[in-house]
Amino acid sequence: MQTQVLPVNEQSIALAARLLQQGELVALPTETVYGIAADARNGAAVRKIFAAKGRPQDNPLIVHICGMQMLRGIVAEVPPRARKLAAAFWPGPLTMVMPRGEEVSDVTCAGLDTVGVRMPSHPVVQAVIRASGVAFAAPSANLSGKPSPTNAQDTLADMDGRLPLILDGGESAVGVESTVVSVTGEHPVLLRPGYITKEQMEAVLGEEVQVSPAILEKLKEGEVARSPGMKYKHYAPKAQVTILQGDFAAYRQYVAQHAGPGVWALCFDGEGAQLPVPYIEYGRDHDGAAQAHHLFAALRELDRNGAQIVYARCPEQDGVSMAVYNRLIRAAAFRVVEL
Ligand code: TXA
Ligand code: MG
């Protein structure tokens, strides 16, 4: 299959809408990362997403909408907490897991009785949904296991020949995937951290948001993931990544002791020039939003440079940094060295 990359304009939006209506795939930018869209009600269309990504069938997809009226048929009910969070954070990078509606395909939900829904703020997504009338399922546009793409070039690198159209809408602003929160149970539970933080949701809800244990630690043998996506090795570059937890002086010393062929540093802005190995910087220290914006592109750049061993500076674990830490620790296959 020939993959076209088109700039965003009226014609390309109309083409994307037509492809979605016909049950085809379209890759497109969102404010978080690039996604691969297919009609969430059409099981045969959604199956093509799993094939294009090489994604395990038991990992459910997020349904994207552009207005509250589109929830009809997608969810069975909108719990009161979901209304509050939607009023505060939609459109935006927040996915809510709700009771599943009867029109969503089984394939989209991987057979679960819940469905993850989000209303993105990106104008291209909104335009495509409006033009097509299609609520679409869309995972990140990477091959399963690789870092999520945050621009059209990285999307093409993974999806060339696997789908007909990539809309090029420039770089994704946020850089990591949406926050996923479950609002179906007795307590709200954070299933995947993102740009909308636990603290922000707690301020709106006036209650604690529990953190799923799978977010910051490795699942123990036999433990069940509430969010199936959490159990897979994820975001992994080809290089072996190790997170070094400690201050910059200790980091620099450790890297100097372990310098050698193929060794790279993944560090914060302004630090690289002080290191004896080649480096990629991924945002300012203490600035989770900047780190989120750069992380996935940095991991892909390390691969392009042939990095084999990567020592990464450790992000914090609260606010937006929780999302950065959550992705990086998976890229590092949970290898953390305390300095
Ligand atoms: O920012 C994003 O959310 C991007 C863009 C394209 O919108 N999409 C995205 O989708 O990250 P994906 O498929 O890569 O990640 C979906 C995550 C997975 O961890 C999955 O297990 C979880 O959401 N998820 C989806 N539906 C769920 C459900 N019903 N219950 C629990 N977890 C669910
Ligand atoms: Mg993904």
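Note that Cβ sites are derived from N, Cα and C of the backbone, with glycine treated the same way.
Predicted, not measured: the structure shown is a model, and the values here were computed from it.
L-threonine is bound by HIS64, ALA138, SER178 in TrEMBL, and the record lists one more residue there from THR3, THR32, THR108, which is THR32. For the binding-site residues shown (ASN59, SER140), fewest C-beta neighbours within 10 angstroms: ASN59. If you count neighbouring Cβ atoms within 10 Å for each of the binding-site residues ARG55, HIS64, the highest count belongs to HIS64.
For ARG118 (ATP binding site) paired with THR32 (L-threonine binding site), the C-alpha to C-alpha distance reads 11 Å. Across the structure, THR32 (L-threonine binding site) and ARG55 (ATP binding site) are spaced 20 Å apart at their Cα atoms. ARG192 (ATP binding site) is surrounded by 22 other CB atoms, counting those within 10 A of its CB over all protein chains shown. In the three-state DSSP assignment, the secondary structure recorded for SER140 (ATP binding site) is strand.
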